[in-house]
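> A single structure is presented below for examination.
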Amino acid sequence: MIEALPLHILSAFLFATGLAIVIIKRNAIVVLMGIELMLNASNVNLIVFNRMHPSTFDGQMFALFVIIVAVCETAVGLAIILRVYRFYKTSVPDHIQELKG
Amino acid sequence: MEDSFQHAHGFLQTVVLLTLFLPLISFALSIIISYRYAWIVSISAPLFLLASAVCATIALFSQWNAPDVLMKFNWFTLGKDVFSADLLISNLVLLMLFVVALISFLVHLYSVGYMAGDKNIKRYFAMLGFFTFSMQGIVLSDSLLVLFVFWELVGFSSYLLIGHYSESINAGRASKKAFILNRIGDIGFLVCLMLVWSNQHSFNIIEIVGGEPSEWKTYASLCLFFGVVGKSAQFPLFTWLPDAMEGPTPVSALMHAATMVAAGVYLVIKVFPFFTPVTLEVITIIGLVTALIGGFSALAQFDIKKILAYSTISQLGLMLIGAGASMPEAALLHLLTHAFFKACLFLGAGAVIHSLHQAQRQAHAHFDAQDIRCMGGLSKKLRWTFATFVVSGASLAGIPFFSGFLSKEALLTSVWMQQGYFSAIVFLGFAIVSVLTVLYTYRLVYFVFLGESRMVKELPVTEIPLIMRIPLTILAVGSFWFVVSWSPFDFSGWLFEYSKTRAPIELTIGSSVIILVTLFFSTKIYRSGVAHTSDVLRNGFYVDSFYNKVSLYALTPIYRATLFLDRKVIDGGIHFSVYAQVTFAHVVAWVDRQIVDGLVHLVAGVASGIGSLIRSFQGGKIQHYVYWAVFAIIIFLICVLK
Amino acid sequence: MNLQEALHIIEKSLSYLYPELILTGGILVLITISLFKRISSIVFSVVSISICLATISLLVEEGLLRASLFSGIIVKESFSTYLKILANIGSLVTCVMTLSSNNQRMKSAEFYALLLTIVLGGHFLVMSNNLLMVFISMEIISISSYVLAGHANTKEASEGSLKYFLFGSVASAIMLYGFSLLYGVTGTLDFATEGFVKGITEYNSPILLIAGFMALAGFLFKVGAAPMHPWAPDVYQGASVPVVAFLSVVPKLAGIGILIKFILVISAYGQSKYDWQAIISVVAILTLTVGNFSALAQRNLKRMMAYSSIAQTGFLLVGIAAYLPEGIQFMLFYATVYVAMNFIVFISLQFFEQRNIWNTEHFAGTGRLLLWPSISMLIGLIALTGLPPTAGFTGKLFIFSSLWEAYHLSEKNILLWLFVFGLLNTVVSLFYYLKIPYYAFLKEGQSVEKGNFNLWENLLSLILVLVVLGLFFAPGLLMCWINSVNFVL
Amino acid sequence: MSSYSIILYGFILIALISAIGILAVNNVFKAALFLLTCLLSLAAIYVLCLAEFVAVTQILVYAGGVVVVIIFGIMLTTKLTGKPLEVKNGNLFPGLLAALAFASMLVKYQSMMATSTAELSTMSENLVSKTGVELMTNYVLPFELAGLLLLMALIGAAVTTRSTPE
C-alpha cells in the first residue's frame, strides 16, 4: 500500500510554492494561480487524512467544497483584477499603491 | 456597617438634591435658550445658583454637627454586585457644599458684569453651571466610581472653559494641555479603582476606609494620590495650571483657585483613613516640593494671573503637607480660607484687567493689561478693588487678624506635633514658603496698586460696576479671622471645634513675628528696588537692570564689605538673598519648562515614533502586506515552538 | 442511519432556521427585482422588511437554550442569537445610511443582496460547530465583502477591493491548511464533539500549534486584528462610508463569535498543554498598539477610523483573553456599545464627506455651522475613547475589570502586561479621537454652509446617542439580558 | 516497490515540478499550462487515493473551468497594450525565505504525523453514489450554502465588471 509521507511532503511543498508565487510574482493573475496552489495543497492533505480516518467522508467532502470555493474566488478575483486594470492600466500589484500610510 | 448611619429624612434629602441639581437646571436652560434671547441667561443663571447656595446654607445649618447621614441610591446591579450611587452627608461634606455653592454663586454674579457683551455668553454660563453640578457631585458622592465620573466631568468642563476664547491659539493649547495632564493623573485613579474593586469588592468610601493598612492599600492609595496630583496641580503635573490662566478670569477664580483644584485635596481629606503611612510620607514630600516650587516661581512672574496661579500651586502644596502630617482638619481649614481669599484675589485681578481693558479701549492705548510692570499706582483709581485686594492679600500672606493666619497656624501645628528630623525639614520648608508668600504677595500689591503709575498714568481708569463689587466685598469680609474662630489667635474656633488640638503659644508668637518682619523687609526691598532702577523704568527693563545691579554687589562682596559697613550691609544682605531666590526661581522655571514640558514632548515624540515605525509596514504594496503578515506568523510560531 | 431518518432530521432542523430562510428569501426577491425593475423604494422596503422579520423571529425564539441542527454541524444557542441580532441591527442601520448616500450604486438591488448575503453568512458563521461550515460561511462573507468594498466603482475603491481580495484569499488559504491539519489530528470536522477534544489533548505534537496558528490567521483576518490587519486601512479608505461602517461591524462581530469558540476548542477547554490564553493576549497587545499608534498620524478620517476599528478589535480581544464567562458577557456588552458608537461616528462621517470634509484640518469651524452633526460625532468619539458619561466608559471598565479578575485567578504575567498596555493605549487613543472635536469646536475655519442631518440621519443618530448615553446611566438594562445569555458549544 | 507506488511517485514528481515551473517561468501562458499539469496530476493522485468523485470534479472544474477563465483573464489584461506576456519577479528574497520557513516547518512536523500512522488504511468501499447520498443528507446545508455562494459570486463578478458611466 501507499505511504503517507511523500503525499505530506507534496502538500507542504505545494503550499510553500504557492506562497512564494503570491509574494514574488509581479502579476495579479499569476498571484491568483499561487492562491489556487495553496488551496490545492490543503486538498491533498484533506484527502490523505481521509484515508487515515476512513469511517466518514469528511475529508473528501471538504475537498469538494474547497474546489467550489476556489471557483468562486477565481471568478470574483478576475472581475476585480479586470476593473483595477481599467483604472490603473496595469495588473502589477506593486504598482497599485495609492492608498498607504 | 450601615446601621451606624442615620437614614436621610425627606427634608434634608430635598435640600441636598436641590443644591446638587439646580446648577444642572441652569445648564440645561442656558443650552435651550436661543441665541436671540441670550441675555436671559445672565439673569437666570445667577438666580439658580443663588437658590442653590441658599439650599446649601439651609442644609449646613440644619445638619451641622448632627450624625452623618447616608442617602442610598442603587445605580445598577451586575450579577451579585450592587453598584450604588450613595450620597454621604457629614460636616465635611456640608461645609464644602456650602463653600462651592457660595463661591460659584458669587462668580456667577461677577461674571454678569465681567462677561457682558461676550458673544458666547450662553456657552459660558452653561459650562459654569455644569461645572458647579459636577463639583457638587464630587463633594457629595460616597462611591468612588461615581466620584470618578464627576471627576472626569469636572475635567471636561474645565477643558471647555479654559478654551472659551476660541479665537486665541494659546487658549486652545492650554486647554489641551490641562486636559491631557489631568488624564495622565486619571490613569492613577483608574488603577486605584481596579485595585479597590478587586480587593474589597465595593466602591463605597465608608466601606473601604476601614480596616488595617496593608500592602495593596499602599499601592492603591499611591495611585489615588497620583490622580490627586493631576487634578490639584502638584509636582510634577502642575504645569497646566499657569497655562490655564488663558481662560476668563472668573473661571480662574472658581476653578483654578477655589474649587476644582481643591477637589484633589478634598478627596485626600475625604478618604483620609485609607492612606497608609508610606503614602502620607509621599504626600508630604510632594506637597513640600510643590509648595517650594510654586512659591519661588511666583516671585519671578510678571503676569498678574500667573503670580496668583503659582501661589495657588504653592498653597495647595501646603494643604497636602497638612494632610500628610495626619491632620486633615487643618488641610480642610486652609482649603476653606484659601477658597475665600484666593477667589477674592482672582476676582480683584479680574477687576483690574477689566477696568484696564475698558480704559484702553477708550484711550486707544496698547499694552499687556495683565503685565504688572505696566501698572502701578492704581490704588487711587480703583479704591474699592484695592481695599478688597489688600484684605485678601493679607489673608494670603498670613498676617494676624486674617483667616489665612489661622489656617496656616493650624497647618504649622500639624507639622510641629510630628516628631523626627523629617518633620523638622518639613517645618523649615514650610517656614520658607510662608516667607515667600509674604514676599510675592507684597510684590504683587506693590507693583499693581502702590508705587508710581507707569503705563496707566494717563489712562482714564474707572472703578468696576456695582455688580462686580458685591462679590468682591463678600469674599473680602470672608477673609477676616472671624470666619474661622472668634479669637484672632486661636484656630480652634467654631469651625474646628471637633478637634482638641491647640497651637502652642510659642508657635503663634514666633510665626506672627516672622511674618511681620518679612513684611517689613519686603516693603524695604521693593521700595528700594524701585528707587534703584527708577532710571531704567523708562526703558521698561526694570528686572534686567535690577539683576545687574544686585549681581554687581554679589560678585564683589569684599569691595562692598569694606565700603558699606553701615546699614547698607543689611541692605546688601537682603539684596543677596533676593538675588539667590530669584535665581533659584529661574532655575525652577527652567526645570519646569525643559524637564517637565520636555517629558511631555518626549512622550509625544516616542508615541509618534512608534506610530511611524508601525506605519512603515503599511507602504501600500499588497505583496509586502502578505509577507509581513506571513513573517509575523512565522515569528510567532518560532517563539512558541522554541 | 437510513435515508428516512436523515430526511426527518433535515425537516426538523429547517424549522429552527426561520431567520436564515427569511434572509435567503429576501436575497432571492432582490435578485429577481434587479432583473426587471430598478425602483429604489421597493428595493429598500424588501431589504428592511426581511431584516426586520429575521430580527423578530430571532427575538421570538430568544429563550431557546440550545438546539443542535443538521446532525450537529450548526448549533443554535442564545450566544449566537445575541450576535445575530446585533448583526441584523447593524445591517439595518447601514441600509438607512445608504438612503442619504449620493452614489446611486449604493442603492441598487445587487448591493442590498450582497449586504444580506454577508448577514446570512454571519448568521451561519456564529452558529457553526463544524470546520467545513466555518469555512463555507466565512467564504460567503469574504467574497461578498470583496465585491462590496469595490462597489463604489472609483479608483480608490477598486484598489481597496483588490488588496482586500488578495490578502483575504491568502489568509483563507492559510486558514484552510490549518483546518486540514486539524482534521488530520482529530479525524473529525465537528469541533464540539468529544472526539475532537480528545484528539487535541492526546495528540502531543507541535503540529497542533502550527495548525491552530494557521487557522487563527484566518479568524484574525476576519476581525481585523494584528498581524492580519494591513488590509483594513486601505480598504476602509477606498470604500464608501456605509460599506465601511458595515464592514467594521457585521463581519467583525461574526468573526469574534467564531473566534471565541475556536480558542476555547483549540485549547481543549484549558486542558491543552499550549497556553492559548497567552497567545491571544499577545495578539491583543499587538492589535491595540498597532491600531492606536498608527492612528496618531492619520489625517484622512476614514483611514483613522480604520485604525480605530483595529484598536477596538483589540479591546474586544481583551474580553476574550480574560477566558472567563463574565469576560465573554462583558465582551458582548462592549460589542453592543461598539456597534452604537461606531455607527454614530460613521453617520456623521458620511454627512461630512458629502460636504468634502474628510481631513482633520477641514473640520475647523464646523462646530458652529454644522452643529448637530458635530455634536453627534463628538459623542461618538468620546464614547470610542472611553470617557464618561458614555457607555464606552462602562464597557471598557467592565472588560478591564474582568481581565483584572482573570489575572488574580491565574497570576499570569502576560495578563498584567495586557492590562497595562490596554490602559496605556486608552490614553494614546485620546490624542487622535479628540483631534476632530478640537478642530471642530475650538478652531475657526473656512466657511462651510450651514447644514443639518436629514430626517433619517437625525432620527438614527439621536437613537444611537440615547443608547450610548443611556447604557452609561443604566447598564443594568442590557446586562440583565446579557446575563441570561450563556455560552455553550 | 509496486507499480502502484511507481505511478504515485511519478505523479507526485510531476505535480512538484510543474508547481516549481509556475514559479520559475517568466511567461504567463506557460505558467497557466504548468498550473493545468499540476492540477491534472493532483487529480490522478486523488484517484490513487480512492477519491474518484473529487478527482472528476477537479478535472471538470479546474481544468475545464478555472484554467480557461484564467487564460481569458490573461488575454483581457494584456490585449490593450500589446506588451509581451512577461512576468517579472519582485521581493525574491523575502518570498523564498517565507516559503522555505513554512516548507521546513511543515515537512518536519507533518512527517512526524505520517510516521505515527505508518500506513494508510484501506477503505472498504468508495462508491460515487454514496458520496451523492452524503451530499444530500449530512452535508445538505453546506451544499445549499455553496449554491448560494456560487450565485452571489456570479452576481458579484457581474456587478464588478459592469461598466457604469461615471
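Glycine is no exception: its Cβ is also placed from the backbone N, Cα and C atoms.
Predicted automatically and left uncurated, TrEMBL annotations should be read as such.
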> Looking at the candidate ranges B:307-325, B:573-591, report the one that TrEMBL labels transmembrane segment.
B:307-325
> Please work out whether the transmembrane segment (B:331-353) lies in contact with the transmembrane segment (B:87-112), by counting C-beta pairs under 8 angstroms that are 6 or more apart in sequence and asking whether there are at least 3.
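As far as Cβ distances go (cut-off 8 Å, pairs 6 or more apart), the transmembrane segment (B:331-353) and the transmembrane segment (B:87-112) touch.
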> Where else in the chain does the transmembrane segment (B:282-300) make close Cβ contacts, counting only residues six or more beyond its ends and a cut-off under 8 Å?
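Same-chain contacts beyond the ends: 222, 225, 229, 233-235, 238, 242, 268, 275, 307, 310-321, 323-325, 422, 426, 429-430, 432-433, 436-437, 439-440, 443, 581-582, 584-586, 588-589, 592.
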> Which residue counts does DSSP give the domain 'NADH-Ubiquinone oxidoreductase (complex I) chain 5 N-terminal' (B:75-125) for helix, strand and coil?
29 helix, 11 strand, 11 coil
> Of the listed stretches (B:47-67, B:124-140, B:178-198, B:307-325, B:599-618), which one yields the highest count of Cβ-Cβ distances below 8 Å with the transmembrane segment (B:87-112)?
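It is B:47-67, which has the most Cβ pairs under 8 Å.
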> Does the transmembrane segment (B:178-198) come near the transmembrane segment (B:146-166), with 3+ Cβ pairs under 8 Å (pairs 6 or more apart)?
yes
> Who are the long-range neighbours of the transmembrane segment (B:599-618) in its own chain, taking Cβ under 8 Å and residues 6 or more past its ends?
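Hits for the transmembrane segment (B:599-618): 177, 180-181, 236, 624-625, 628.
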> Same-chain Cβ contacts of the transmembrane segment (B:504-522) under 8 Å, 6 or more residues past its ends?
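Contacts with the transmembrane segment (B:504-522): 397-400, 405, 408-409, 412-413, 416, 431, 434-435, 438-439, 442-443, 489, 574.
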